[in-house]
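Student: One structure, pasted below without further comment.
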């Protein structure tokens, strides 16, 4: 059945949105894995766990916004299998944050490609949507992760376990309580 509201919404953009939904859900899944790793009794970094749980919820919300927009434009949502995170263990907080930064860069690159596609197909609605809800937020997220990585290294992580504990308690504790 064809949508009666669809206008100036190219099928390539529709398909790319479905792929972006999958990428956002994958990112949410990775952050969920990280959260519950740091919540384990043998890791016990509760603020890392809270931080990554918050990130997971944020990524899921990004996916939901895209799904809602897909429907508003008369597109069709086709969910795909969500890939399992590449790992189940995170050696330390620094490594998890470095993986998070790479994940955010990958998500950002995908959003930039979606923006280019929407520009190429002369779709100002999709361009505006991405600019309003995603592009600035991605840059801020990457900056925050970069700052966290720098500060953890400055404190002596990963070789200094106390650095990770203090970072968890003082930096993540005050940011995300």
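Quick reminder: no glycine exception, Cβ is built from N, Cα and C everywhere.
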Student: Say Swiss-Prot lists 59, 62 as binding Fe cation 1: which of 24, 98, 104 is in the same site, per that record?
Tutor: 24
Student: Could you look at 7, 11, 20, 138 and say which one Swiss-Prot places alongside 59, 104 in the Fe cation 2 site?
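Tutor: Among the candidates, Swiss-Prot records only 138 at this Fe cation 2 site.
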Student: Taking the mean position of the Cβ atoms of 24, 59, 62 as the Fe cation 1 site, which residues outside that list, in the same chain, have a Cβ no more than 8 Å away, listed in sequence order?
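Tutor: Nearby residues not in the site list: 23, 25, 27, 28, 58, 60, 61, 63, 66, 107.
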Student: Using Cα coordinates, what distance in whole Å links residue 59 (Fe cation 1 binding site) and residue 104 (Fe cation 2 binding site)?
Tutor: 10
Student: Could you list the residues of the same chain, at least six apart in sequence, whose Cβ is under 8 A from the Cβ of residue 138 (Fe cation 2 binding site)?
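Tutor: Spatial neighbours, sequence-distant, of residue 138 (Fe cation 2 binding site): 104, 107, 108, 111.
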